[in-house]
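Colleague: Quick paste from Swiss-Prot:
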type: BINDING; residues: A313, R344, R361, G362, E363; note: L-serine binding site
type: BINDING; residues: C315, E363, C470; note: Zn(2+) binding site
type: BINDING; residues: R344, W345, E346, R355, V356, R477; note: ATP binding site
Amino acid sequence: MRFELEGRIIFSKDVSEETQKDIIEVLENGDIFLKGVPEGKENEASKIEGYEFEGKDLKLNMTSGTYTRAHEGIVRLKKPIMEKVGRKHQIGIRDVAIDTYVVTITATPSKVAELKGLKVPECEVELDNEKIKILFKNLGDGELKRNIIDRAIKFVKTELDKQEQDLTFEVCKIAPGTIVSDYKATREITFDKDPTELAEPYGWVKRFPGRGQWFYTAPMAKLFRAFESLIVEECIEKVGFDECLFPKLIPLDVMYKMRYLEGLPEGMYYVCPPKREPEMFRDFVNEMMIKKEIPIDKLKTLLRDPGYVLAPAQCEPFYTFFDHELVDVDSPSKFFDKSGWTYRWEGGGAKGLDRVNEFLRGECVWMGSPEFVEKVRDDTLKYAEKLAEKLDLEYWTEVGDDPFYLEGRKNEDRGIEFPDVPKYEMRLWLPHVKDERKGVAVTSANIHGTHFVEGFGIKDYKDRKVWTGCTGYGLSRWLIGFLAQYGYNYEDWPEIIQKKVGKLPEIPKLITWP
């Protein structure tokens, strides 16, 4: 894909010549756009092709490939510019505006021709032989925050790939996105702020240097544990799960058997064990001490090939436990784990407290007959909905379009049995999103059919059908949904939460933070 942007960063006052000089230093630092870009793909990151100052405006012409796309690049400039000139020149940034933006997707002429007459909201589409051009005009900060550009691109690519849709659309008997249940809060929801924007000023979280990671301080940690306890008591224990402690460092061979490497290989953290050669590491340390920087290239030579991933799904050890074992579906298994973090590489998609690379969940996994597996899935979802109603949290449940074990996969050649609905997803309403009814996914209830049973060679001793299922209760997202509807005022919280939390602890007392 090719991205071409003409836009403006709009300041709070006219930009003086001295301020311009400092801003130009930032603009000429191309490294700003290289964070998160894979080695060898630097030429696909954002580039500033030209710029001009006019009154309060910094006019920019930018281009990019698929990494740090131009509309992400112009937003990424805000922080380093403000760090450079904000306090020094007493100037702020009022808005980011995109005047024109052209996204070009290349495909075969026959596929492009199939899109004739395609209408996409809030943009225009032009077709030209092998090129699909998506044209945007007059986009502001609000449209960027609503991800209009990404949604339009996804919509066009989905139309383009309809003949090669993910297995989800082939398998699912109910259209993904269909709402199957919902609940309206009985109280008036008056809080309408973005909980992420308030969490740090209140001292409940602090940004961690890693992308998509946060330091959760004592008040937030107390709320985490309150929700964890509630979910265990009100959902997990009522379905009769037994707690286990699952490993979080997963061998690549396990991910291969799960076929996760086929569907979402770009969504994991890969782990490279070090070579046990102290002398070579001594050289690494010496160079670091002298240069006062980490010699990354030397470090690469001291690492073995990737052998593991950090658990991206949390349920991986369950299937390994039963690898090539004989089971009895009359004695089904129900395990749950809440012992640590789950990791997914969201790349540029990581944002706020709801879309993070490191998050906590209560993960339930079970195995048994198809009827048993379907009933357990329904129960795990039912109790999650009851908990939301008990807390008077507005929610809806829909048919999911991205079961983790099918995501990104186009075909299945093993004759696997799939359920009629692989995934239900429960979402808590986010009142602060004004332009659409948006929710944060807090519970994902999945049935895998025989997908993992086949992959791990699991059989019933009487050769009866064996299915598996898993439900993830996303603690991080339950918190965000709760705070989005109730806010941070303890007195406004429902009594059940107040009792679980007890007295809220103090935030850390620092001179310079929060």
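Yeah, the Cβs are placed from backbone N, Cα and C, and that goes for glycine too.
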Colleague: Taking only the binding-site residues C315, R344, C470, which one has a CA atom nearest to the CA atom of V356 (ATP binding site)?
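Modeller: For V356 (ATP binding site), the closest Cα among C315, R344, C470 is found at R344.
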Colleague: According to DSSP, which kind of secondary structure is R355 (ATP binding site) found in, if we only use helix, strand and coil?
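Modeller: Its secondary structure by DSSP: strand.
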Colleague: What subset of the binding-site residues W345, E346, R355, R361, E363, R477 lies within 10 angstroms of C470 (Zn(2+) binding site) at the C-alpha level?
Modeller: E363
Colleague: Find the one among the binding-site residues A313, C315, R361, G362, E363 whose C-alpha lies closest to that of W345 (ATP binding site).
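Modeller: Given the candidates A313, C315, R361, G362, E363, the nearest one is A313.
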Colleague: What does the structure give for the C-alpha distance between R361 (L-serine binding site) and R477 (ATP binding site)? Integer Å is fine.
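Modeller: R361 (L-serine binding site) to R477 (ATP binding site), Cα-Cα distance: 9 Å.
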Colleague: Hey, what's the widest CA-to-CA gap across A313, R344, R361, G362, E363, the L-serine contacts in the record, in Å?
Modeller: 16
Colleague: Report the nearest neighbour of C315 (Zn(2+) binding site) in space among the binding-site residues R344, E346, G362, E363, R477, comparing Cα positions.
Modeller: E363
Colleague: Fewest neighbouring Cβ atoms within 10 Å: which of the binding-site residues R344, R355, R361?
Modeller: R355
Colleague: If the ATP binders are R344, W345, E346, R355, V356, R477 per the record, what's the largest distance between their Cα atoms, in Å?
Modeller: 17
Colleague: Which entry in the list of binding-site residues, A313, C315, has its Cβ near the fewest other Cβ atoms, using 10 Å as the limit?
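Modeller: Comparing Cβ neighbour counts within 10 Å for the binding-site residues A313, C315 gives A313.
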Colleague: Once the chains shown are all counted, how many other Cβ atoms turn up within 10 Å of the Cβ of G362 (L-serine binding site)?
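Modeller: By my count, 23.
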